[in-house]
Amino acid sequence: MASKGWQHPYVNIFKHVRIEEWKRATKEGDVLTHTNKTLKCPVFRISGPVPANSYILIPKNSDQSLGLTGRFFYLLFRPTPGKYFVVHLDVTAEEGQVVRISFSNMFKELKSTPIWLQFPFLCGAAKDSVYESTSQSAKHGLVGPAPVSVRWTCLMLDLQGILSVYLNHCYNHLKSIKLCANMTVKNMFTSDLLLDPGVTFREAKQMGLASSQGTGPIPREMAFPVPKGGCWHDHYDNIKFPSEGTKLPFDSIQKGDPHPEHKCVPNQRSPVRAQSHCVNLSKVVQDRVSLIQQITTPKSFQRNSNPVVASVPELGFISNHQKEWLYKNDDQQQESSYSSSHLLPSRTRCDTVDDEIHVDVDAEAGFSKHGEDSEEELVCTPVPRPVSLPSSKESKRQKLLPDPILRLSRIIGFGGATSRCALWTKSGDAVVYPCHAIIVSMKLSSNQQRFFIGHTDKVSALAFNGNTTLLASAQTGSNSVVRVWNYHNGNCLAMVRIHAHSLSCLSFSYGGGILCGVGKDSHNKTMVVVWNTVKVSKGGEVTVLAKAHTDVDIYTMKITFFDDTRMVSCGCGNIRLWRVRNGTLRSCPVNLGEYHSQDFTDVAFEEGHSPDQHLDERTLFVSSRSGHIFEIDYSRVVIRNVRRLLPAQRQHADRREKLTFNTGPGIAINSISVSSSFCATGSEDGFLRLWPLDFSAVFLEAEHEGPVSLVLASFDSLQVLGATSTGNLGYLNVTSRGYNTLMRSHTDTVLGFSVDGLHRHLTTASSDGTVRIWNMDSLHQLYDFVSEDSPCSVAFHPSEQIFSCGFTSGVIRVFDIPSAKLLAEHKQHRGQVVGLTFSPDGEFMYSCDSQGSLALYNASEEEHNVIRVACNMVARGTEQAPDALKVSSDSRCLAFVGPAEYVVTIVDARSLDEMLYVDVSILDIESPRLDSALKVCFSPATTEHMLVATSANKILWLSTKSGRLLREVSKVHKHQCSSLAVSEDSRFLLTAGHNAVKVWDYNMQFGINSQMFIGHSEPIRQVSFTPDQLGVLSVGDAIFLWDFLANPVESLTDSCSPPKVSYTSALKADAEIRGIQLSNGMPRQKAPLPSSSPPRLDISTIDQVNLGGLGSLSLCDDTPAVPTIPDKDAGSCPSIDPRHAVSFLRVTDMDTRSPMNSSHADTLELKQRNPIRPDCYRHFIPRFKSSSVGDQVVVAPQPQEAGLKLKAVIGYNGNGRGNMVWNPEQGLFAYSCGCLVVVEYLHTGGQRHLQGHSEEISCLAVTNDAQTVASAAGGSFGSRSRICIWDVKTGTCHNTLSYHQGAVQSLAFSRDDLYFLSVGDFYDPVVALWSTKNFQLLSNVRMSGPIHDAAFSPTAACRMACVGSEGVYFILIHTEGLDVDLKVDRVKAPAEMGDVELTALCYSMDSFLLTSTNRGHICAWEVNTQCCFMTWKADEGEIGVLLCQGNRVLTGSNSRWLRLWEVEPVQGTKKDSGTVVVLEREIMLDGSTVSAAFDNTMEMGIVGTTAGTLWYINWSDNSNIRLVSGHRTMVNTVVFSSDECHFATCSEDGSVRVWSTSSYELVVQFQVLNQPCGCVCWSPSSEEEKSCVAAGYNDGTLRIFRLASTEMEMKLHPHRVSVTAIHYSANAGKNGLIAVSSPVNGATIRVIRDHKGATITTIHCVYEQCKKFGLEGNELWLAASGDRRVSVWAADWWTEKCDLLDWLSFPAPAYYEGDSLPPSMAAFCPADPSLVVYTGYGVEKELSFYSLVKKQIVKKVALPHWATCISLSSKGQLIAVGSKERVLKLIKSTSGRFQDYSQHSDSLQTCQFSPSGSLLFSVAYNEILLWEVKGL
């Protein structure tokens, strides 16, 4: 086994084991030896009634192995007539797996397992025998006993091919052989040669066949004798398996064509070309292929011609039930060809008679070849009558347009061959780095990329000259190439090929005249080459100046900046100084002494010296892997100083000690960079550190996720570039101490991707073991999933933020992105997952593995339960990964390659039932090899087309209905097609082959139908169109994003439309909604028409009496139903099996700027986390919300059909900043509350509401003419913020802008209203400038720190300013033509004020700027000189609002003081002149000031506070009036008085407020300090004198307030815990005790303990006679508790009677998946108090109607979400239901009709109808909305 040479050219197995001795072989049963008359030699006859009992086994023992490595196994045998036989071969794969290969005529069909393959053997018969004619008519050999005329057979098995095709294994050797009865055997042998038994040695010599070519004749000792003048094939059978060149079924062993291609002609020794004939195709034994096609005419084309057939008649096909041949006479077939570049001289005639098809074409038509890679097309279309085949010069001149149709837009990736290459430009505004074979230049301000394309392999080195005008690059590989580029225009100036490989280092001289490179020569010795590049910029050549070969290891080499002829290098054990003189390159080593064994990594020269300084002054710094930094004396070539980097020492409380250089184990330093003021090091521990030049201590450091492989200071020393070996690239801003990540990337091949079109997210799986989610707009990495198992395929859900991932172990995991939760994990697969996808409608998920199994999942359920698993469905192996499965656009069909690689299967997508099989191997009978399918794809526009990429480099268009071949394109790529996709409109086809992407015209109607694009350095794994069809994605070595130029690019802004949200589970089957989701890759269907009537909720009922009134509602006998859309079938709501959330995702923010504090005592870390929120109340921070909009579908009604009309908004959002505007001249007054903009008319008190946001509004802005209002709110689900531009007159939104990543901090219009400014918050501190003409983005700039306020200059339209944590920014708008640029100058706050933040600003009218600080200072700046000339202390707290008019200044702060200052003389203020600042007026408000607007005289204005109040301020009469009031904290209850004139609210701030229903004004407020109020109710009396309000507090007390006296009338203390529910007649505590107290004397009448231990959530009382229930009393009341129990009582308190009427308990699962359980709520039906409506946590989300009379649930209404509040109307049988998903749902309880209203920005906690049912309140946190009820 040590040597395999002895096995060449073949091994005679019987001779090898000396079978006659039976020592290494054994026999059992009837095994005899005799001389065969036909072969005239001894043979073995094996016979017996049971084949397993008679056999020959080689070798004898099972623990032994033959060890035969020959690829081909030859068996010379003859089956015994009328008997069965079996042969077993045990072969060993490379992996060590033993596989048994068996064949027998007993086997009826192919059976395959991972360790056993069973093939049917179809015995042949003698020529012209009855058996042969019978088998021909059956179109395949007969399965069963061997016929009488069976012949001697030479069977050849390709063991390597069998293992590869059927099990995806690599063949190693043949282990053992077992020949079972009944058969006669001559011999067996193995060989690596493909031998022909029908060719003699003489014939082989004449034909030139030799073993060197892998072929030849069969050995003489193995040959069958042939009579003189006879033909071998007339006497014997030759069977090859797997067969090549014939189209036999793939799953049986049988004889090939009975008429071999080369006939045996006596005395003719030269090959004869075969005539054209019809090939009879065999049928698969077990009828697995249902549709088999045959090509009508064999192609007989001229040599070196590329045939192109535009149209031929439609082909017939053979089904399972058709037994007729399509062709009857071979001689009736005519050759078909035509010119691809000329008009045909005569018309083509196509005659079809019965089953015969004739195509006549001019025989002299020639062929033209369009390049080496031109495609070949064959189109098959129905032709009912003779047609012509058109071809014109004009059509052939046309090509695919536009040209180019793709443009490389962005690349996600860094490195490839190295992560040590990245360069700064001279200006410091861009970074240049390699990404595999492409060089990328990225602009820092905009992340815009520019590409240098030309390398054919990975770029391994980069170098700039001194002024960064010339860029040199080198590629790795055996043939290294160096390119020199003009950096500014991107042109390649020169290309130099060198005889070196592994070129790893380049260095340019400062002037650009010398270029140095280091690589390896052919003997693997280090080679240094120096080029002369002086003339390259003028078109001159690059010449070799010097070259040297050395054994010295060189890791880095750089040309000195002071002398172009001198170089410095370092490597393992050496530091050398080099010099070029007289064409010779010589070097001198530095004496290292005891450090001679160090591994040196990088060199850098000290900067800051003049070029004429003496060399003695030059200091060279060298770093090493041991942590040492060496200072080298360049002139003396000796070490001057050595320092060592040590790990940080731990002190008390795990605080880090500052780093110093001492003795001890060091940290490997990979890179070093020296500037004039500091030294930067990048080390193996992941830190980028900045040191002073004396290396006394670290003064700045940034920690990375992996080893830092590169550090490089910019030319101005203000920024330091850092790269890691884990594929991250970023830079440290030395001034701001902030770190920016420029690029993250996979560190290995990207295997596959999937796109979320709704949120523009991209998920990728890589060989580096990670799954990452990217933002397609910013290229930032959002999530990073790391697992011990290797991911191999990913798929996004089409409408939800859910993605699934398949792993090499076969595990499928499904993740929910917003909650970072693992939803499901499935382990049905045993092999690597090669296909994973969702159906376009989101109902199902599919997966398949490398072992052939296919699984179907229910994607509408959170658990994604398995519906079906089918084995041996998909072709084995990993060739089809990662997109082996394709679903049609209508979600009806699923296609894949399988069960063998030759077959494409289409199954029903809902059941996996087989619909169609197409064997692609029989579609081209002329091919010498079996064609196998590689990839499949449906056409989105028409589901009747399926495209198949084959191993013969073809694309086939097949009919999904019949399997017919419709079109064929050949020579698609030079290599096999690895991926294909079709555009949504089916106009374009996308293919990937090896490293190239091709875009094709789908209809192939041009002369040049494709365009090819290169850029990848590795084979492309997957390619696809983006869901919006505006781009193309390709992955392999990196992630390439291409602009698809065939479609117009959409504008950045769009017209306003209400945000669309969806119920992900309940309404998922809505076809109309699915049709409009074009951005997620769905087909463009017809837009849905609005419903004429509101949609319904399905109702399940048990009360059979009321069935007649329910119409066609579905009844399910107490089984809840899910909500549906009209005209859609109802489906049962899936049950929930909650589970605890398991986090597998790690969030990494890419665009972060973490502030750093410099200190010499402590080291600081820059870790990539969420940005730090500034400690400044002026900065807007969205209120934390426990809810999110998600991907719901809100069934919003048409305005004319709405059942609710928003009447009023109560309150003002005190959490906003600058979210109130007032224009006294125009009378415009607007403010925000939640996600609504309220425009209020002060003279009437009326309101108008602008609805377009779904999140909390942060700020507002108004134009100077008061015609336009802008509002900004955060984005839902982590999307970009949304800015709405409103027309004040019409109340419509005419533009929306989505740009900022985080919230929007400030908005402003310029004085002339030509510009609009938006500022991002601390998460994304970008200032964006927009044009108000079309609201297009003009320019943007990213600030170094958080921005708090911004404003335009009132006098100079081109000036504006911002203030923030880093100081004041003076911004100048520079316009040149259509280009607008922002020039920013940052000035820090005056040093005498200390470490402060500038919080607010305003301009005076005369070129002065006022700013405020977080310590109460006011600073006055002169705009022209940007100097601060005056400061004064204006407040003790932080000033958040600053206004200025004339010489008056207004300040508002968090100390609650509002102050008016007079500054004289402000116009003539100079720094040395005396200035008087006088406090004119002041007033204390109820909270911190967050917004203010005053008139031009500063006499009157409106001010907003954090208490949710808007105050009218009049300084002239020193008055303040509350205009708008609201709660500051969460509102717990809102309730109407019985006469509906007032309503009361209570809040967590301890206040009970009574409001007027007509004017919405606050009437009276009762405040209890430090005690939250949890519930409130009105007394039954409607008289104003007796009207009271009762409130329950957290300390267990009840307080009764009388409105007439505005005083507390009584205080009760019936509970020791929080009061949670209250109603006149009863009140309840958090411990479950219900106390009945007298409102007269406060005495507790009775305490009910039945619910003890559970919180009482609801108490409801109604006046109802209880006699019909069998009890005495005039009042019914109920209590619901958190343990899902409801008690119903009959009471008469005057007689002290209170009896339990009923006790309800509702089942529920053991635990809940959310943060807290939904509340349990119950209420009496106003129309029928004998019905109790209940909802709460349970088995299903539903409303239950319980009859107190029938003692059972009589009706259920299914809900899409858990209810958080309900209210029942007294009229119209309406129910209002609020949910955590921010939706208020109005339901008609009788019909199930409903409407959704999504005007809240948080989850609803309260809703309440008025007693008359005409009004409705809904509350979300502190947002109170009043609705007018119109009914459904």
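Note that Cβ sites are derived from N, Cα and C of the backbone, with glycine treated the same way.
What TrEMBL records for this protein:
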{"type": "DOMAIN", "residues": "1-121", "note": "domain 'CFA20'"}
{"type": "DOMAIN", "residues": "131-194", "note": "domain 'CFA20'"}
{"type": "DOMAIN", "residues": "754-1043", "note": "domain 'WDR90/POC16 second beta-propeller'"}
{"type": "DOMAIN", "residues": "1531-1831", "note": "domain 'WDR90 4th beta-propeller'"}
{"type": "REGION", "residues": "1077-1096", "note": "region 'Disordered'"}
{"type": "REPEAT", "residues": "452-495", "note": "repeat 'WD'"}
{"type": "REPEAT", "residues": "743-784", "note": "repeat 'WD'"}
{"type": "REPEAT", "residues": "1524-1565", "note": "repeat 'WD'"}
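Within the model, the repeat 'WD' (743-784) carries an average pLDDT of 90. Long-range contacts of the repeat 'WD' (452-495) within the same chain, counting only residues at least 6 positions beyond its ends with a Cβ under 8 Å from a Cβ of the stretch, are 408, 416-418, 421-426, 432-434, 436-441, 501-512, 515, 517, 519, 531, 533, 536-537, 539, 541-542, 561, 1014-1015, 1017, 1037. Secondary structure counts, DSSP: the repeat 'WD' (1524-1565) has 0 helix, 23 strand, 19 coil. Secondary structure by DSSP for the domain 'CFA20' (1-121): 14 helix, 58 strand, 49 coil. For the repeat 'WD' (743-784), DSSP puts the residue distribution at 0 helix, 24 strand, 18 coil. Residue counts for the repeat 'WD' (452-495) under DSSP, helix first, then strand, then coil, are 0 helix, 24 strand, 20 coil.
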